Every structure is written in C-alpha cells, then in structure tokens.
C-alpha cells in the first residue's frame, strides 16, 4: 500500500521546521506553510529530515511536529517521517514509536553518519530497522553529509527486503542509472538533489525529494510535466533557468537560504537552530533576488559555477 501511495508523488517537499526566535518550534506557522506547498504542486511531505534540522530536534519534538502537520494535511498527501539516526538501537526504538503513532506512508532512514560503517554494517543497520516494525523504509544515501556512501550493490541487496521500498539518492547520476536499471519491482528511486531532477527523471527516477519546492514548486512541476509529455526542449529551458535558483538555495548550509526566502515571502519560517546560522543579510538579499525574481546579476554575485548541494 505504501508503494502505491507514493508512486504518483513526483514532488515530495523536505519540510523545514519553523522556529521562534527563542529556538522553540513555531507550530502556528505550520498551517500557512503547508497550504502554500499544497497549492504549488507538492505531492508528498517529508518531516524531520535534514532540511527540518533533525539533528537539533528531540524525538519528542519530532512527534509534536508530526501531530501538528497531520492535523493540517488531513490525509491530502502522503507523509514520510524521518526515523533514522547513526545509532541502530535508537533508530529501532523510534521507528517502532512512529509506526505506533500512525499516519505515515513510510519512514526515511539515513545512512549512519560519523561511525563510518562498512557496507555490511550498513546492510545490517537497515535490515534491523526494517525488521523492527511494519513502517515501510526509504533509505537516504547522502555521502556529502555522512562521509560514507552506500554502494549500488548494497542498495540492491537491501531492496530485496519486503519492508524497504525505496531510496533518496544523493550520489551520482551514474549510480542512479544503475539502480533504476537493476531495481526490483515496487522499489522507488528519488533524487535528493533539486539540480539533478531534470536528469534523474529522464533516466527513469520516480520523483524528487526537494527543498526548492518550498519556493519554486511551480517551476519544478512545469519541468517534470514537460518531461512526462516528452517535451524535453521545454523541460531543458526550464532547467537552465532553475539551476541558478537551486545554486542560490544551497550557497549557505541548508536550510538557511530557503528560510530566508520563506521569511521574505511572509511565511514565519524563522531562524535556524545552532550550529546552523542564517545567511548574512546582504547575501540573503541576493539569494532572495535570485530565487524569487530570477535576477541574473544577483546570481553572478551570489554563486559561482555550479554547486552540488550536499543536503
């Protein structure tokens, strides 16, 4: 059922956590943010992921966040819960708690960071999480943040587990192509990099788990819709204008730039929690000009070349 629930989700937004200036969660800001996303082509929502600043959230805060979002969404789109840490026992206990909490199509579990496990260690970690509950698991492979990379061979080995239903892949397009070619049936493959969405979807990926959809969901939708209708020239033209905006959104550690843009647009995204800090004021102004207005001069002043965001 979870696979079918997520199959038509092309744009899954990795939701920010809005904070007050004192660092507490701003639950009052959630309804407007959610309605904004749903009005601009978000098909699903990931909670308590990297963009949500999950390393700074307690499990109790995450559960409060889950309840608040579920109350607003009311089943209109599938929800995914961030459930993984770098400690297997903690991940097992939390995935059981989230499964009992209910209301989620799947849980997202990150490759363990800091401990630097081997491929066999990664396999055993995810197998233990997937065995622990009935909540379907999506693996999050993001070597830019966790230092180690799960190989396609290990990923495909885990893809045979009946309770592991997909991956958020942030490695290379070559790896993505291999996974798409060799995956079993009913295994979802998402790119986790906004800038790669054009290429990933043309390779046959199922969708994108996105940060840029907070601010540029319409452009993302138009590009993916053009790909679906085999209008590659139109999709490529959108991609060329979209890339500078993605670069701007990752010119400082995420989610600082997207929060700056959301605050400018009138959504109370608030600050980041330490150790993340907001983008400097002048740079934030340039980021806003790029993301909101497509300002080419601001693009040149804000970012150089093409960034590969490790989010």
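Heads up, the Cβ atoms here are built off N, Cα and C, so glycines get one too.
Noted in Swiss-Prot for the protein shown:
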ACT_SITE  140  active site, proton donor/acceptor
ACT_SITE  168  active site, schiff-base intermediate with substrate
BINDING   51, 209  pyruvate binding site
SITE      50  site 'Part of a proton relay during catalysis'
SITE      114  site 'Part of a proton relay during catalysis'
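The structure, with features from Swiss-Prot marked on it.
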residue: 50; record: site 'Part of a proton relay during catalysis'; Cβ neighbours (10 Å): 24
residue: 51; record: pyruvate binding site; Cβ neighbours (10 Å): 24
residue: 114; record: site 'Part of a proton relay during catalysis'; Cβ neighbours (10 Å): 10
residue: 140; record: active site, proton donor/acceptor; Cβ neighbours (10 Å): 25
residue: 168; record: active site, schiff-base intermediate with substrate; Cβ neighbours (10 Å): 27
residue: 209; record: pyruvate binding site; Cβ neighbours (10 Å): 31
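Here the candidates are the recorded positions 50, 114, 140, 168. The one whose C-alpha lies nearest to that of residue 209 (pyruvate binding site) is 168. According to DSSP, residue 114 (site 'Part of a proton relay during catalysis') is assigned to coil rather than to any helix or strand.
Classification of residue 209 (pyruvate binding site) by DSSP places it within a strand. Residue 140 (active site, proton donor/acceptor) has its Cα within 10 Å of the Cα of these recorded positions: 168, taken from 51, 114, 168. For the residue listed as 'active site, schiff-base intermediate with substrate' paired with residue 51 (pyruvate binding site), the C-alpha to C-alpha distance reads 13 Å. When the alpha carbons of residue 50 (site 'Part of a proton relay during catalysis') and residue 114 (site 'Part of a proton relay during catalysis') are compared, the span between them is 15 angstrom. Secondary structure from DSSP puts the residue listed as 'active site, schiff-base intermediate with substrate' in a beta strand. Counting in whole angstrom, residue 114 (site 'Part of a proton relay during catalysis') lies 19 from residue 51 (pyruvate binding site) by their C-alpha atoms.
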